[in-house]
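First the structure, in the form of structure tokens, and then the observations on it.
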Amino acid sequence: MSHPILNDQLQSLDDQGLATTLACLADTCKTISQQLKRGELAGILGAAGNENVQGEEQKKLDVIANDLIKSALGACEPVRGIASEEEDDVVGLRESAGLLVTFDPLDGSSNIDINSMVGTIFSILPGQSTGPVTEAEFLQPGRNQVAAGYVLYGPSTMLALTTGNGVDMYTLDPVSGDFLLTREANIPEATKEFAINMSNQRFWAPAVQTYIAELLQGAEGPRGKNYNMRWVAAMVADVHRVLCRGGVFMYPWDQRDPNKPGKLRLMYEANPMGFLVEQAGGQCCTPEGPILDLQPEKIHQRVPVILGAAEEVSRCVGMHS
Ligand code: FDP
């Protein structure tokens, strides 16, 4: 069976600047994938010895992946500016260009040192000006995204991509070095699988406590069916599972730190995943409504996230009101 090649698929996009940018991101992720495969042999595991702007310890691979993407997009003509989890501020590249890229260079970095799944998440927004690049220009609702996706570095390396017309999933062929189209994502409305970090249970809002308690009661409880739990602890891998076979994934609000209304970052985690999940037939919300309708306030903003099977997301969100 022959599988379409990513670069051929990109040629059919109306916006060739977008196609060039997506090809650049995909190529850079191939390099990251190669580095990850060498792992300990390449001396790239462990801490980098610094913290990012959010006070999180950076791993060497966070820094390596960030530098690779930053430098590749720096040479990519259609890109006006970038924002990254690992950069304190937005970075202006060229005022004449039309696209803004936000990215999490290596999501799930606590998995790096145990040779478990990690990924690169990206979101592409239209530029809003022809003057100097500012943070304000990036602060557009996720609905404005022109493309979003991630590359998952797992047993095989996979790219999930949306340009607003469904979600295509490509597998990196180690022989040809091409991303080949292997499936489309589709999230069934109902599920029997959930993903949440249960160790935070005592900090959640009452609505989430009740929602999860009902799932745990299984067939004897109000939901009348048994649920299974899965938790990779890398959003990119947990969302990949939801896109492949359904389920619900949550990183809800918790009461520990009033300055952190959630763990996940809006601009380069929740928004791109929200675009993918909606395009695959699911929902992605905060307790107030769809993530993609949120007006961002700052580039490293955090939000609570409930995403996946429509039946579960709407039930959980509804329990908040
Ligand atoms: P990580 O900090 O390891 O990069 O983006 C944050 C994230 O990973 C998510 O990918 C993941 O779902 C979550 O944090 C895991 O954090 P906890 O172990 O604190 O639950």
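Each residue, glycine too, has its Cβ placed from N, Cα and C.
Positions annotated as Mg(2+) 1 binding site by TrEMBL: GLU85, ASP104, LEU106. Taking all protein chains in view, 28 other C-beta atoms sit within 10 angstroms of the C-beta of ASP104 (Mg(2+) 1 binding site). Under the DSSP three-state reduction, ASP104 (Mg(2+) 1 binding site) is assigned to strand.
If you look up TrEMBL, you'll see ASP104, ASP107, GLU269 marked as Mg(2+) 2 binding site.
According to DSSP, SER110 (substrate binding site) is assigned to a helical segment. If you look up TrEMBL, you'll see ASP107, GLY108, SER109, SER110, ASN197, LYS263 marked as substrate binding site.
What TrEMBL records for 5-184 is domain 'Fructose-1-6-bisphosphatase class I N-terminal'.
Annotated domain 'Fructose-1-6-bisphosphatase class 1 C-terminal' per TrEMBL: 187-319, in sequence order. Helix, strand and coil residue tallies for the domain 'Fructose-1-6-bisphosphatase class 1 C-terminal' (187-319), in that order: 58 helix, 25 strand, 50 coil [DSSP].
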Statement: Quick note, GLY108 (substrate binding site) and GLU269 (Mg(2+) 2 binding site): C-alpha atoms separated, nearest Å, by 11
Message: Within a 10 Å radius of its Cβ, which of these binding-site residues (GLU85, GLU269) has the fewest neighbouring Cβ atoms?
response: GLU85
Query: Within 8 Å of the Cβ centroid of the substrate site residues ASP107, GLY108, SER109, SER110, ASN197, LYS263, which other residues of the same chain have their Cβ?
result: ASN111, ALA233, ALA234, MET235
Field: Within 10 angstroms of GLU269 (Mg(2+) 2 binding site), Cα basis - binding-site residues out of ASP104, LEU106, SER109, SER110, ASN197
entry: ASP104
Query: In the predicted model, what is the mean pLDDT computed over the domain 'Fructose-1-6-bisphosphatase class 1 C-terminal' (187-319)?
result: 97
Task: Under 8 Å Cβ to Cβ from ASP107 (Mg(2+) 2 binding site), same chain, six or more residues apart: give me those in sequence order, or none if nothing qualifies.
output: VAL118, GLY119, THR120, ILE121, TYR150, ALA234, MET235, VAL236, GLU269
